[in-house]
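Here's the structure we're looking at; comments come further down.
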Amino acid sequence: MRIEAIATGKNPPEDVNVIIEVPIGGEPIKYEMDKEAGTLFVDRFLHTSMRYPGNYGFVPHTLSGDGDPIDVLVCNTRALVPGCVINVRPIGVLVMEDNAGQDEKVIAVPSPKLTLRYENVTEYTHLPEITRQQVQHFFEHYKDLEPGKWVKIEGWHDSKYAKKMIVDAIERAKKGK
């Protein structure tokens, strides 16, 4: 995969492209894209028997505060193939702290061009309460059995916060080149 050839999105931060690393409901394995090689590697096997509550990946050509591209959880009902690209709309952010520092997960939904299921979902609060609880529970506990690792949820933020985070990450990536 030539990551450099994949656009950040059609109209960032209103919509962005996400390269999927882990599918919804897949085996409890964390895959991570090696940005230099353009190849998916097994990062680790989750010690818990939990499965990702959405398709998980990153926005190309961004750099978050932790030095990696922005993480995104795409809320939808279909498992996507790792390595594929999906166009999404950011609707919020789950802010966490873990053993490595602050960690933020953008929450997004597929663009209306792909499915009408989420066309009226513009904020994370528009998702069903159970979906928000499942996302938070997953990220709060997916590292529970890994020695020396922990996660603390700090809270949720709206789409405006998510879009600002994306703009800042795009600028940070441009400066880093």
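Note: Cβ is positioned from N, Cα and C throughout, glycine not excepted.
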Mg(2+) 1 binding, same site as Asp66, Asp71 - Swiss-Prot member from Asp34, Asp98, Asp103: Asp103
Further substrate ligand in Swiss-Prot, beside Arg44, Tyr56, Tyr142, within candidate set Lys30, Lys160, Lys163, Lys164: Lys30
Extra residues within 8 Å (Cβ to Cβ centroid of Lys30, Arg44, Tyr56, Tyr142), substrate: Val22, Pro28, Ile29, Tyr31, Asp43, Leu46, Tyr52
Distance [Cα-Cα, Å, rounded] between Asp66 (Mg(2+) 1 binding site) and Arg44 (substrate binding site): 19
Which of Lys30, Arg44, the listed binding-site residues, has fewest other Cβ atoms within 10 Å: Arg44
